[in-house]
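Trainee: Taken from TrEMBL, the feature ATP binding site applies to GLY125, GLN126, THR127, GLY128, THR129, GLY130, LYS131, THR132. Annotation source TrEMBL lists domain 'Kinesin motor' at 5-457.
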Amino acid sequence: MSSEPIQVFIRFRPLNDQELIDNDLPMWHITKNTVSIRKEHVEDLIDEKKIPPSFNPCFHYNHIFSSDETVYPHQHPQLSSPRVKNINFKFQNLNDENQKIYEIIAQKNVLSTLEGYNATIFAYGQTGTGKTFTMFGTTLGNENMSFISNKPRGRRFRSPTSRSRSINSRYRSTSAFGYKFEKLERPKKSGTANNGMIYLSLSDIFKAAGNCKNKHFFFKCSMMRIYNEHIYDLLKEPDDLTSEILTVEESADEEFYVKGISEHVVTNIEEAIEKLARGEMNRQYAANNLNHHSSRSHTIFRMSIKSLEVVPKKEEEVDAECEENFETITTESILDFVDLAGSERSSVGQIDDGKDVINLSFTSSPFDQNRVVFDGKCVNMSLFYLCQVINKLSELKKGINKNNLHIPYRNSVLTKILRSSFDGNSRTSIICTASPALSQFEHTLSTLRLANSARILTNLIKPNIKRETNYQILQSYQQDVAELKKELEKAKEHGWQFYNQNNIVKCQLENKLIKLTEMYNNMNLSGTLIVKEDIESNYTILSSTISGDLMLLNKQINEFNQNTLSKAHIKFDTSGQIAQLRLGIMRNENRKIIERIDNSNKNLSMLKIAKTSYVNDLEKCSSIYDKVLQESSELKDNKISGFCAITELKKKAAIYNEGIGLENLSDFQLDSLEKLILTRLDGVKSTKVKRKYKEKILAIEEKLRKQLPAHIVNDILSNCNFT
Ligand SMILES: Nc1ncnc2c1ncn2[C@@H]1O[C@H](COP(=O)(O)OP(=O)(O)OP(=O)(O)O)[C@@H](O)[C@H]1O
């Protein structure tokens, strides 16, 4: 949470036609950040007792905007001419003026609403100084085309036909901020359109939201008008405008809200502008048909912005046991645009005694005069309390009056609704509009003073961000659904009661009608009637009244049903949309998790197969290893024994061949050697004998085979051991 000062800006409009015609003079010395009275005027003002003798303040603000036309007339070639009265001096170089002002005073705050910061931009100032021009813009060149800034003055009573024609034609051809209502085309940059803070903010917001691919945004808008301390919903049908006067309620956490105001889902700039245009049309309608003075009413256009983003959890927040490694970040913010009533009627001290200084010249009837006094007072009241709130807060900030801490928020609906903009969580920019003219000195001075008080106010700012897991979101949705169900039940119950009551009345009326018809018929039949015509006309009047009542009741029942339904729809629209989106995101995540699990399972089975084949390979390898080990040890043994045998043989060969080593032999060995030699010799001898006898035996055998059968010969041979 950080403390941020309220930004205060001053905008001086150029001298207007009337001021030029009256040879009025620009009387302020203006720099980028300061305003003071031009030296040449100080003495005159003191003489006229408009300021005390030592009074020459220099006011400081965040930025002061003034057009070239506020330069002193004698410095201006056209204005210095004596024929100045005939010059229809239109303001130049204005096309980009609002754009520049927007960039300085609002753009940063407006864009921060997409990150969950609340912001308020409001215009304060005397009537005709450019509040509406600044907030809503206008189409220059043909001010009658500007449905926004051209407030009806004077033409207030018209026939119903001309009225409806005028409204319809407005719908068809009026340009809103340079937009055609039907087609809503962007004005060509030909220099004819001057878009206000609202249009510039909305177009920036929708552009930025469109460029932000990882977030989903939801926008709702509402528009209200405060007139005579009554709040009217400007986004209703013109006929319903006065059917329900809204009230400000206080929530459990001491926040003020307008109960029952209609909120409309918008998805792009065109839809938002369309709503704004409808609101403006209703404002015009109220001015023309309900005699609401535009310059005495406050208008608030409100955008509610929600965003949704799914992000992976931070590493340190990942819960090993929890499957959800994602969280949803939701931001909620409010962007208010406030066009206040003319501040000149907010002068202190003229409220209670009824001596309000009001120019009644534009009113005609006594009725009108009373009404003007009345609504003049009420405007006084709300602006008076607004000024009081600002002054008290600034005193508090300066440390003055510390014991008298009461800030009168609850005294008017305006201060209740704007409370968070002055003493809460909102980035607030105030643009105070003023006339540079000498004739408007007092009004401008009072505007500058209020701006000076507001300059030191600060708000405690923090973004409205919620981080939730899917589980938490599900829980909150369950709650939402339960609440919606309750509301539906309640609505049904009320609707039923209403329906029942009206149905009873309807039945009674129908019965009456039947009875009346019967009576009339009977009377007619009996012929006892003397004043038949009277009865006939009474009957006609009564029956038409009753059928009129019946029709009205039916209409009321239908309207009631429609209202209940549309309210439920609107409520459901955004939460339903968000729920659907979240559901989509959750399904997506779920699908990804299932895919991950499938992949892991596949990997696992592949790993299992790999493991078995590895184990088999390992077993094979180990048996081969064992064999190799055995073979190698056998080889080693063989090698050793072979080596020994070779050595032995070498030794023996040496003894046989050359008689080497005989001296090393023991007696026993020598004996053995002798025996071996002798045995070999015997062997050689017997071989020779065997060979000699074998030949003889073969001859005998041959003889025997010739004389004797073979088996006898074989027997003989086997029994004689000759082999
Ligand atoms: N800065 C400006 N440059 C050019 N024209 C301006 C400027 N400010 C205001 N005007 C013109 O002055 C006239 C009155 O302006 P506007 O209706 O915006 O005043 P306002 O303060 O909203 O009055 P009200 O209190 O009656 O609502 C309009 O015709 C508008 O076009």
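Note: Cβ is positioned from N, Cα and C throughout, glycine not excepted.
Caution: TrEMBL annotation is automatic and unverified by curators.
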Trainee: Using a Cβ-Cβ cut-off under 8 angstroms and a sequence gap of six or more, which residues of the chain neighbour GLY130 (ATP binding site)?
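Mentor: ARG11, ARG13, ALA123, THR433 - these are the non-local Cβ neighbours of GLY130 (ATP binding site), listed in sequence order.
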Trainee: Which of the three DSSP states, helix, strand or coil, fits GLN126 (ATP binding site)?
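Mentor: GLN126 (ATP binding site) sits in coil per DSSP, no helix or strand.
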Trainee: Would you find the one among the binding-site residues GLY125, GLY128 whose Cβ has the most company, meaning other Cβ atoms within 10 Å?
Mentor: GLY125
Trainee: Hey, what's the Cβ neighbour count for LYS131 (ATP binding site) at 10 Å?
Mentor: 29
Trainee: Given a 10 Å Cβ-Cβ cut-off, pick out the one of the binding-site residues GLN126, THR127 that has the most other Cβ atoms nearby.
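Mentor: Answer returned by the neighbour count: GLN126.
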Trainee: For THR132 (ATP binding site), list the number of other Cβ atoms lying within 10 Å of its Cβ atom.
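Mentor: Step by step: centre on the Cβ of THR132 (ATP binding site), count other Cβ atoms within 10 Å, giving 24.
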Trainee: Can you count the other CB atoms that lie within 10 A of the CB of THR129 (ATP binding site)?
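Mentor: Cβ-Cβ neighbours of THR129 (ATP binding site) within 10 Å number 28.
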Trainee: Going by DSSP, give the three-state secondary structure for LYS131 (ATP binding site).
Mentor: helix
